Amino acid sequence: MKNIEKLEQSLTYEFKDKNLLIHALTHKSFKKSYNNERLEFLGDAVLDLVVGEYLFHKFAKDAEGDLSKLRAALVNEKSFAKIANSLNLGDFILMSVAEENNGGKEKPSILSDALEAIIGAIHLEAGFEFAKTIALRLIEKNFPQIDAKILIKDYKTKLQEITQGKIGQTPQYETVRAFGPDHLKQFEIALMLDGKELARAIAGSKKEAQQMAAKIALEKLGAL
């Protein structure tokens, strides 16, 4: 593990109890009886509330459904992993040699969980307001333009609304292949419409590849 003081500097928060920070950085593969899963559980709840309250005030005229989509676009593994990478969090996480050799320090799930655990740890030590301040600073730094149109990239829904309205057809998404090692698995998805391939995309998850394919299709249709 690197010097955790560097991580504290990036967080702009110095832990009084260094063991609490180390606890938040301990993956279950390193020590089953002493890992960050409980702190992750707490941090997840804190972040859910922090982001929910933030969006409630920032998008004062938006309906509940739109706010829920916005929160889902921010409170997820991919977004939290991005923030974790900005902190070089993988360098500080304690994990087994086997997990590290399997790409553990780059896994979005592990990075995201560690970030949540750190926020949970700050909440335990300093209270909600401290955790809120730090969480919002990290979110705004990594997502400087928090805009509904940018965050809610639900291209699949938009495409389906267009195709159903114009030709009464629903796009179908077929998995062409899955390839790569387990920790870097890639999926190739073909978007089919009325029996013809309209677009194709590759991404690290089926859902992401489907969204990318839908975006390509929308661009072809001139709907973006």
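Glycine too: its Cβ is placed from the backbone N, Cα and C atoms.
Feature annotations, reproduced from Swiss-Prot:
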type     : residues        : note
ACT_SITE : D44             : active site
ACT_SITE : E116            : active site
BINDING  : E40, D113, E116 : Mg(2+) binding site
DOMAIN   : 4-127           : domain 'RNase III'
DOMAIN   : 154-223         : domain 'DRBM'
Open item on the list: Take the mean position of the Cβ atoms of E40, D113, E116, the recorded Mg(2+) site. Which other residues of that chain put their Cβ within 8 Å of it?
Closed with: N36, E37, L39, F41, G43, D44, S112, A114, L115, A117, G120
Open item on the list: Restricting to the domain 'RNase III' (4-127), what is the model's mean pLDDT?
Closed with: 94
Open item on the list: Let's check the environment of E40 (Mg(2+) binding site): how many other CB atoms sit within 10 Å of its CB?
Closed with: 22
Open item on the list: Let me make sure I understand the structure: which of the recorded positions listed (D44, D113) has the fewest other Cβ atoms within 10 A of its Cβ?
Closed with: D44
Open item on the list: Measuring Cα to Cα, how far is D113 (Mg(2+) binding site) from D44 (active site) in Å?
Closed with: 8
- [ ] State the count of C-beta atoms found within 10 angstroms of the C-beta of E116 (active site), not counting that atom itself.
- [x] 28
Open item on the list: Please list the DSSP helix, strand and coil residue counts for the domain 'RNase III' (4-127).
Closed with: 88 helix, 2 strand, 34 coil
